[in-house]
Amino acid sequence: MALKPDISALGAGNSNSSSDAVSSDSASTTVSDADAANGVDPSNAACADDSSSSATADFHDSPAKAKAIGDSSSLQLDPDSPVQNSASAQQVSSSLPQPLMTPACVAPTDANHEVKGAIAGDASANTLHRKRNANGSGVAAATPQTAAEAPITGSTDGEDDDDDSHRHASDLLPTTLSPTHYDIYLRPDMLTGKVSGSVTIDLLVNRPTDVIVLHTKCIDIESVAICQSNAVVATVGASAVSYNAAMETAAIRLPFVLGDSGEDIYPSEATITISFAAAISNSMYGLYRCRYRDRSGKPAHMLVTQFQAKCARMVFPCWDEPAIKAQFTLTLTVPDNLTALSNMPVARVEPLDTGLKTVYFERSPRMSTYLLAIVAGELAYVEAPSRSGPVDADGQRQEIMCRVYTPAADIEKVRFSLETAVRVLERLVAMFGYAYPLPKLDLVAVPELEAGGMENWGLVLFRTVRLFITPQTSLWIRQKAVYVIAHELSHQWFGNLVTMAWWDDLWLNEGFATWIGIYITDQLYPEWKRWDHFAIEDRQAALSADSLRSSHPIQVTIKGSADIDQVFDSITYYKGCALIRMLSAFLGIDSFMTGVRAYLRAHEYSTATTRDLWCALERASGKDVAQMMHTWTAYVGYPVVTVDDNFAEGTLHLRQTRYLHSGHPTADEDRVVWWVPLGLISSETATESGDCVVHEALTERSGSVSIPGGSAARWFKLNYDNAGLYRVRYSRTALQRLARAIKQGELRTVDVVGILNDMVALVTSGYIHTTALLDMVESFQSVSGYVVWQILGYFIESLYLTWANRSDYLRERIRSMARTLFAPKAVELGWTHRAEDGPLVARLRAISIPRAAWAGDPDIIAHACKLFSDFYEHPDDKPFHHDFTASVFEIAVRSGPPENHDRVRQMYENSQHWHLSEDHRMAALGAMSCTRDQKLMWKTLEYALSDKVLPQDLNIVIGFMVSSNYESKHVLWRWFCKNYQRVVERLGECSALLGHVVGTVIGEFATATMANEIEAWFADKHTAAFDRTLPQSLEFIRVRAAWYHRDKDEVMEWFLSREARDSSA
């Protein structure tokens, strides 16, 4: 699944614009046992459509708008992406991160009880797996360990472990029954909003039971028939069903003991048929109505499903856990003018006399419930074959038909996406060495979708902005489209074919899909330098979130159902991706992919855990992957490596400690020792190929290493290619030498990015002085790569965010510094898009112009406002390149006449008149928020809650507003407090979207006073949807406050001295 949509994408680099309920040794289960397990309530609680529970994924996208590095708000806005926050309040009080795996061996510790990694055990044994039954329909579990001293870590060794306690047994269904096949019939009525249906479920009876417990939410079960040996043995009605609304389960009491045949042979078989009534959802979960406009511009609706993470239970009764895989056969009755789609091809269509038709779909392979999907609407498609099927007798791959569906009016907008899907699919087949597993692949453009993309097997859904790519689409959105398509299609293997056993291993799905999405994008379009962008956006989002005390490990303990949605965050997506990249670089891509292929083959159509992946990679590489990686996945945080250099002797002394954004950790917080690949280069060995990189690793708290080239080296750098997930703290001498090397162009752009990113982080956390980075800004200016300029912009914005409300003098001096940096670059690049300009020049231009305008450059502002006025008056004669559209809109509203606010509203509502692509329509919406008029700010926020704006797009309005100027966040906070209940009703109290909005609203403040006010205001609110986001955001606010108080005098002195120097020049 893709993370929330990226607002920065719309701004094209703008400056302002991430148990068993039944005991496993119980031979027979009684009704009272099940009651105790299920908390049976005699009546079904009233169901409000609360939009609860699906995760958001386009952690595919980078953090929205141009957020400051280390800024919690940078984790909030990805309309696909990343970017939820990732910590829990309970973890804040924990002095030691807790591992998730049961140890078989004791990891070595030193006298201070430092965790030094795992000891690999028997690769064939895995305590994380508890088999349900012989056919592999199992529930995987990981057992948490709490140690009084240092945590014990290690790979597992021995027999299967039946302890599911860390997965909260009360949240899991009993294992007495296992479904093997669902035959589902649904008849939705869009006029009444009701769904009538039935489901016949083939079951394995693992132990005798007289109660069937399964998941339901807002479903009324009307009758249940139980069959054995092809004969109905009992029928029960609604009175035999008890519901537990909190657990989202139903318990069906049977008049006999199912499976009690007198013979001790298990599993036996049974079938149940359930008739039920459900509802079409008004949220973006379950089966819901999706709004759009038809070819004539009139409002229309389509039916769409979103089942991840736990919403299949809203549509039919089922075992709604990822490890409980089954086959599915779907039958759907819909109006005969609608195209009906599901995971599998249509088997046959039966016309009815009532203007309806019944569509029968082929049987699916074994898969998890969250991957089942339905779309029904007035759709058109484009198609093309892909050579991605099984190999035929002649050694050629068979063709798989790829289609992209969309409302008919938009059919010409999806041809690029179709071409991309075909190319990506063929690349994936080659990489995995495994044919695409289904007989067809459909992509669907969905106007209303909570995430940027959803990987349903064979029926992949995308927000329209990710598939509608036209010649007018900006370069950045085109790049995002390729990445998101690659991300979602990689899930067809990594996530769908092989699924994480439980949500605590979600990173196996999303971290890998993020890595391969970027990897394939980089292969298809190497000129885009996609890994450079990863270094400044996605990797930084992960490092920023994971530098908090309130962060969580990649293998995160799921404390309950409410936790599931919140782990679709930057830690899962981006830290997961960064670790995959670090490991693949160390093992070598060939060995790494050999292990991945073996992993897919070993666990096809089943589930797996992190340990399973490590075992496959160990066999492929011959390296002890589990020991190297255990601390990275099981523990929170990452290290900063402090370097003491001796250039005269050509040696370095290294020491690793946990990096915290709030400053130096306590002894209790600093007990993990990571495996840290050094990636060491110097002036004597640096090459583009990386052949001369020192690939040693720091595996102890401290150690020494020789500088490549010895005492002859003029400079050195750790973490070549930014492949390692850690910060580096250099000495002042080493930084001065690196500064000279950067000015002379001796370092690659990606390595300059690593130095600059680390310095920004170390400044805000107090490891180095802010003035040390201010002194080096001139050196970084010499680098032409847009990624470096983007980080410089982020740093200035972060300074502004922290100091703007404190001092009028500093506010203007920081803006003046931004003008000095970006205005000359904007003038140099100009407004004209030249044919010889490559994509990186286009990106640099798109960064420089809006940042110079934000800083108040009068010429750029005047030119942008004129371009906007000309475009408004003459929409058929656009006077600027499409890459400038978002910047022109934003500048025109922020710095132009007041009427420009209403003009961009018109463009948003009537985008066809101005020939706007989908991303530019969203840019018009965001630009409305850039006004400096507080009354218009309020009016815009009210507009965002109207029917003119989809709920999924509310955060675009809010994200642009908090970034546009320093006063806006206070207006937004007052509006949010006054309208909180309306926001909740619009998004749903348990919606992941609500968590994103909350994080964005509060994430830009920088004083302890505001942190205390926010904390007090939320004290009596229901915060289940954002109980990770809230403490993270508060921690970031307090970090900024501490940064200001620590460096305020020194920063003031620095600017005063620079002003005096400039005046005398």
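The backbone N, Cα and C atoms fix where each Cβ goes, and this holds for glycine too.
What TrEMBL records for this protein:
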ACT_SITE  E488  active site, proton acceptor
BINDING   H487, H491, E510  Zn(2+) binding site
COMPBIAS  8-57  compositional bias 'Low complexity'
COMPBIAS  71-99  compositional bias 'Low complexity'
COMPBIAS  140-156  compositional bias 'Low complexity'
DOMAIN    179-371  domain 'Aminopeptidase N-like N-terminal'
DOMAIN    416-632  domain 'Peptidase M1 membrane alanine aminopeptidase'
DOMAIN    715-1038  domain 'ERAP1-like C-terminal'
REGION    1-105  region 'Disordered'
REGION    135-174  region 'Disordered'
SITE      Y573  site 'Transition state stabilizer'
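Ranked by Cα separation from Y573 (site 'Transition state stabilizer'), the binding-site residues H487, H491, E510 are led by E510. Between the CA atoms of E488 (active site, proton acceptor) and E510 (Zn(2+) binding site) there is a gap of 9 Å.
E488 (active site, proton acceptor) is surrounded by 30 other CB atoms, counting those within 10 A of its CB over all protein chains shown. The average pLDDT the prediction assigns to the domain 'Aminopeptidase N-like N-terminal' (179-371) is 91.
Packing around Y573 (site 'Transition state stabilizer') is summarised by its Cβ count: 39 other Cβ atoms lie within 10 angstroms of its Cβ, all protein chains included. Its Cβ placed at the centre, H491 (Zn(2+) binding site) has 27 other Cβ atoms within 10 Å.
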